[in-house]
């Protein structure tokens, strides 16, 4: 049985970040900085409450007679209580013989063009551990992008304004960055398991390292750019945030309304139409929060019964990173032209160059991951390098055709076909392991 390392990581980040936020808020109170104290507590306690409710919702404890679990969650100690449950189940799993098991079927990665279907017995203890891992992973994503991301931005902004960094602030910024990167990593794993739910997915350690570096560079540079821009144009940053937020929040709904599909009713049997609407709104809220700081890897599709698109859209990925790079460049240029005296001893051109190179480095690690370390790269219809070469050929062909004054309608169609690749395997449907796969509702069960 797999050791629950992801549970330990989630609980450690949750407890450490909450404790650091409480300590830092007390120092702000002692210094008389009431506003910083309130915001620090808000970005700590709000995701903390959402995490408690997420764990309760996933395990359906609200409809069960478990007063101790409810009490621990009310005391904001739910993750610690759940962690103890996980280790009790893990330690007792080898001692007790499983009276009941379920059988799941998965396909192995193709070897020499052949893919075998294997059966696996899953006992009750292992099924409970899978549920706990999924619950903590969902909670980590919520904590990362609804708590840690604004917390990191706030503390870095305070550091820039005061031109001073304390030990407590440095500690919480480090924890917040780790929490965001870990949440983004969980999003990547979620996307892989959803798109290839027929297959037995095994992520290698080098793949985790590559994703960690990709997300670290991407998120760190994004937060620094937002903080620099906020420090000189406080009013305009509201417009930037609102445009980013509502673009990603409304996009899934606009696509849904344009499709003319009926309202999804099969998300959760216990939910009414109002409850389903609330869950979908929270899902799109979390989706917008993720995409404001990094690529979500999971694409919402409300008109889909599973609420998540299983196709790998390279075209959308390309558009996202090109747009985000242009946006970061524009924000840095505006900061350069309107910077104040607090940046007197900062070499602005060098800082801008470092941030843009850092963001490009993150994109480079992303390409390396998809080219060499993706666990399902054998199922891709084309690799990253092949898609890039096809894009260059289409671009050159388009340029030549324009020079010859010929119609470009077919060229645009070919260009889109070269950049948008559907990598889903065309295999027969098998029985997926239900408890091991996240759905869109699983991601936002709060």
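Any Cβ shown, glycine's included, is placed from N, Cα and C.
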(message) On the question of membrane sidedness, does Swiss-Prot assign residue 231 and residue 401 the same topological domain?
(response) yes
(request) Using Swiss-Prot as the reference, determine which range in 104-124, 209-229 is annotated transmembrane segment. (result) 209-229
(message) Do any residues, 6 or more residues outside the transmembrane segment (209-229), come within under 8 Å Cβ-to-Cβ of it, and if so which ones?
(response) 149, 152-153, 156-157, 160, 177, 180-181, 184-185, 188, 236-237, 240, 293-295, 324, 328, 331-332, 334-335, 355-356, 358-359, 361-363, 365-366, 368-369, 372-373
(request) Spell out yes or no: are there three or more C-beta pairs under 8 angstroms between the transmembrane segment (69-89) and the transmembrane segment (3-23), with each pair 6 or more apart in sequence? (result) yes
(message) Check for me, if you would, whether the transmembrane segment (141-161) reaches the transmembrane segment (318-338) - at least 3 Cβ pairs under 8 Å, residues 6 or more apart in sequence.
(response) no
